[in-house]
Each structure stands twice: as structure tokens, then as C-alpha cells.
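Contents: one structure, followed by commentary.
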Amino acid sequence: MTQLHFDNRLRQQLPGYQEEGARRREVRAAWSAVMPTPVAAPYLIAHSAEMAHVLGLDASEVASAAFAQVFGGNALYPGMQPWAVNYGGHQFGHWAGQLGDGRAISLGEAIGIDGGRYELQLKGAGPTPYSRGADGRAVLRSSIREFLCSESMHHLGVPTTRALSLVGTGDAVVRDMFYDGRPQREPGAIVCRVAPSFIRFGNFELPSARGDNALLRQWVDFTIARDFPELVGTAEALYADWFAQVCQRTAVMVAHWMRVGFVHGVMNTDNMSILGLTIDYGPYGWVDDYDPDWTPNTTDAQGRRYRFGTQPQVAYWNLGRLAQAMAPLFADQAPLQQGLNRFRDTYLACDRRDTAAKLGLAECRDEDLELIDALRALMRDAEMDMTLTFRGLIDLSPVHPDPAQLHDAFYDDHKRVASASQLQEWLQRYAARLQQDALSPDERRALMRLANPRYVLRNYLAQQAIDQAEQGDPSGVQELLEVMRRPYDDQSGRAAFAARRPEWARDRAGCSMLSCSS
């Protein structure tokens, strides 16, 4: 039998409801006990070998029928004590009240072989007290996307939750994918998400909004003690240091999003991790042809609140809501503003660091920010692929910069021809800057290869894997996972995974924009 050691501190140290299964309109506690709802025939589709290793699970254990039973929601390992957490949140800028884990059930906090804490959470394992009438299930397509993106982001170096397993349930789930009144039966699945903590901004917002300062303080004290043990101090000074840390980590996370071209799609405060991890992979996407106004979320198509270019500002706004929630614990609000200033300072520093790395420079001067902004404007106007453009600059000659290096980045030949002189002018500016820089050509290329991925999880690649899996063939999911394990390497025989979005995928559902239906 698999031996995992569990230390379920959240359930032990925060107030909750011990009785299982009861649905409540309003919950005045941190968590509720709940059991996963069994499924018909759980089977393993894919898993992360790295994550399994950290947890001390070997290949034979992962391949066992018992593993599929546990991570399909039909059984528990010793020490597991399932629960769902209560939280609120601001959604699309408006307070939404109590939300909670509507279809996420935490099995326990496992201690890995590295001594780290890893909360194991099933997404799609049935209803919880916070499901608000929903079935608590998830479909295969959204589960594949979450599984692949969790691991892809990790290997890109982006702070993120992880994924241990993707399990098919053998049951159908009814969903209206486009919210057009035409629901369909789809195959069900369950992802086991993994993180040191799944605590969100909304865990603090809800008790604060209700005036429950005692529970608010319990949440803060618990989070600092368990997840920020390096922080020391008392009372407001400790809380201020903690809030500044949250702001700093959030800035680092969002800067990485902007570096690799990731668009989260639903940056509600209930989808913001207190650890600065990317969490809740729904209608996300990667920027193909560069457009700062692009969002992959059909729900946000009108207002585009969560579009690519505004993600740093939205993160700052969300932190403002967290500061607002924390205000009852402070006699003086100045430390909260100082924390918000930490976000701005950290983000600007990360942006300069990433600008230098993406362009292959030893340092980022003020004029380099203008240089990269000019490139972004060119990419937008000429419909150039963001990933391919930056990757194409790696082998550019500083002596004779050749625009042909970037031909594959264009989506429209007419725009390529029309922008030729503008591109040549920019390349000359860039080449001149490289000749002034302290890095050798080899150092420059090495730096750029670590900042500019060759492979990203483009929506059309994920959709192709989904199409295969829905026909009973999981090999596409497994191969895509393998490719995304080495996103910065040139992988032999896998050029197709680095290609720009094909024309057939420009407007296809799942390849361009997605709904929140999952």
C-alpha cells in the first residue's frame, strides 16, 4: 500500500464544520468536511512523473488500480481527511459574496520526500457545501487543459500550482459549452492539483466583508505560521511584512506571465493565490499574433477587463481588494499602501530584468524599454507571433541583421511585405545596441534561450490533444506533456509543436477563445 504522510494543518487549526455533505447557503467557518462522490470506472489518462517522485510515489504505484481509485474520488489513502474551503471574491470587478470550493476537494496535506508540504486537491470530484446547486464535476476537455498547463507553466519557470494526475471517470457530464442553450454530454475527468497551499485572496475577503474580524485574524495568523515561516514579529508589523511579501510574489508571477505571453483569462480575486502562484486554469491562452488587447475568455469579450496587456494593473487592483480586507487589522493604513508600492517596484524591476534577458542584454537601460516597446508595436501592427519573434532574435547577426530570421513569425504575407522597411529599421537599432553591450555572442544567445521559450501551450495544440483523448486516445496528451517539459530546448523531430497557430485554428472554438464552461 502507498505510504503517504499527511499533516492536515488547515483542517486541524482553523474552525470548520465536521459533519459531511450538508449544503449551506452561508457558511461562517473556514472549511467544511466533504467526501468525494464516487465515479463509475476511474482510469489514469496521464500523470506528472516529477510530481509523483516528489510525493514518494513510484511508477508501479501510479500505475496501480488503487491510484486511479483514490485520485478518481472512489477511495482514500490512510491519513486523508477531505475538506472544501470557504471564500468569497470580486468577480469582474464586483463583489460576489460567498463562493468557496464548488468542485474542488482537498484530500490532505502530504509531506514530500523533500520535506515540503503538498496539498492534494481533486477538481471535479463531486459537489461540496459550496457548489450552489452545481454538480461539482469537470469535463475532460477542461481537465486536460488544466493538467497540461499546470505542468507547462512549472517547466517555463512560472510560479504555479502543479498537477499530479489526470483521471477519466467513466461518467458523462452535461455542459453547455457556449452558453447558447444547447447542453451536451461530455466525458468527465478529475485533475489532482498540487500546491503548498490553495489559500486565495478571497479567503480573507469573505470574513472581512462579514465583519468577522476574529476569523480574518485566524486566517492571517495561520497563513503566516504555515506558509511564511521565515517572517517574524508581532501584530501589525508582522502583518505588514506578510502583505508586502504577498504583493512581491504576485508581481513576480505576473511579470513571468508577461514574459512568456500567458493570459490567465479570469483574474478574479478568488483566483489569486496568496503564495503568488498561478491558480485555476480555465479559459487561459497564450498570445499568438501579438495583441495586448487579446483575451481568450468569451465571457470577457465585451469589456476585455482581463486582457493580456492589463494583467499587471488588474493584479494591483486585486491586491488593493486584499488590502481593503486586511484594513480592520491595522490602526494605520500606511503599511498596506507600502505593500502595494512593493508590487509596483517589484514588477518594474522584473520587467527591466526580463527586457534585458529577452533582448540578450547585460543590463536594461531606459532606452531599451523604448526599444522593446517599438518591437511590440511592430508585432501588433504587422501581426507577428510573439513567441516566434523573440525566439527568432536569438540567432540574429549584430553585424548583418537579416529580416528573413523572422519570416516564420508573420501570420499575413501582405503585412510582412508592408512592414519590411519598419522591421529593417528596428533590426538596425537592435543590432547597434547589441554591439554596445558587454555580453559576448554566446552569452547573449544563452541568456535569450532561457528567457524566450521555443514551445508554449498554444490553445490549438491543447485542442488537438483534447480531440484525440475524447476519441479514446490519450497519446496526444502524453506527448504534449513531454514536449512542454523542456520548453526552452530545441527538440529533435518536434518542430510542429513550435509552429505558429495554423489558419484553421484562428476562429475555431477551443483554439481562439474559450468559455468558462468546464
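For all residues, glycine too, the Cβ spot is worked out from N, Cα and C.
Record features (Swiss-Prot):
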ACT_SITE  D270  active site, proton acceptor
BINDING   G100, G102, R103, K123, D135, G136, R193, R200, D280  ATP binding site
BINDING   N271, D280  Mg(2+) binding site
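When the binding-site residues G100, R103, D135, R193 are compared by Cα distance to D270 (active site, proton acceptor), the shortest distance belongs to G100. When the alpha carbons of R103 (ATP binding site) and N271 (Mg(2+) binding site) are compared, the span between them is 14 angstrom. In sequence order, R103, G126, P127, V173 make up the list of same-chain residues 6 or more apart from D135 (ATP binding site) whose Cβ falls under 8 Å from its Cβ.
Of all the binding-site residues given, namely G100, R193, D280, those whose Cα is no farther than the 10 Å limit from the Cα of N271 (Mg(2+) binding site) are D280. Counting Cβ atoms from all protein chains shown, R193 (ATP binding site) has 23 others lying within 10 Å of its own Cβ. DSSP gives D135 (ATP binding site) a coil state; it is part of no helix or strand.
Taking every pair among G100, G102, R103, K123, D135, G136, R193, R200, D280, the residues listed as contacting ATP, the largest Cα to Cα separation comes to 23 Å. Within its own chain, G100 (ATP binding site) has V27, A84, V85, N86, Y87, T128, P129, Y130 as residues 6 or more apart in sequence whose C-beta sits under 8 angstroms from its own. The Cβ of D280 (ATP binding site) lies under 8 Å from the Cβ of V266, N271, each on the same chain and at least six residues away in sequence. Here the Cβ of N271 (Mg(2+) binding site) has 21 other Cβ atoms within 10 Å, regardless of which shown protein chain they belong to.
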